[in-house]
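As recorded in Swiss-Prot, the features of this protein are as follows:
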DOMAIN    1-154  domain 'BPL/LPL catalytic'
BINDING   R5, G6, G7, Q8, Y9, T10, Y11, H12, A85, I86, G87, G98, I99, S100  substrate binding site
SITE      K82  site 'Lowers pKa of active site Cys'
ACT_SITE  C116  active site, acyl-thioester intermediate
Amino acid sequence: HAVGRGGQYTYHGPGQRLVYVMLDLNRRGRDVRAFVKALESWVIDALAEFNLKGEIRDGRVGVWIARPDKASLPDGSMREDKIAAIGVKLRRWVSFHGISINVEPDLGHYAGIVPCGIQGHGVTSLVDMGLPVGMGDLDLALRRSFARNFPPLGG
């Protein structure tokens, strides 16, 4: 099903936490890249509460996990798996859509697509990384880290 947001193919289903972020960027600065970077930082901060190091990569939107436990890519670089996808749309500088974080989805559902159009990398989840984290645990971590990345606006 096609939707009007950034990004290419992805999968949404049970076991993912979808977060639709609606913020007025007229009041926070009309900078789409800074907004996406803040979304990524928000997820990275939340993952850090579970001692999981999420990372961003130039040219690839989303949050990535280095996988030294997997075979290297053909070019010798370390394999990385995506744990969170980001797809946003702006209308009159108000954001729509947002992020999806893999908590415990059936990762087999990704087999038929190239997630977000990025070749050579896989997909992971909190549970796949050996963390017994539930939706409620992630929700608390996201709540705690939100204001660090999206500070309240004055008056």
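Any Cβ shown, glycine's included, is placed from N, Cα and C.
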For Y11 (substrate binding site), the number of other Cβ atoms found within 10 Å of its own Cβ: 18
Model confidence over the domain 'BPL/LPL catalytic' (1-154) (mean pLDDT, whole number): 89
Neighbour count (Cβ, 10 Å) for K82 (site 'Lowers pKa of active site Cys'): 23
All-chain count of other Cβ atoms within 10 Å of G87 (substrate binding site): 21
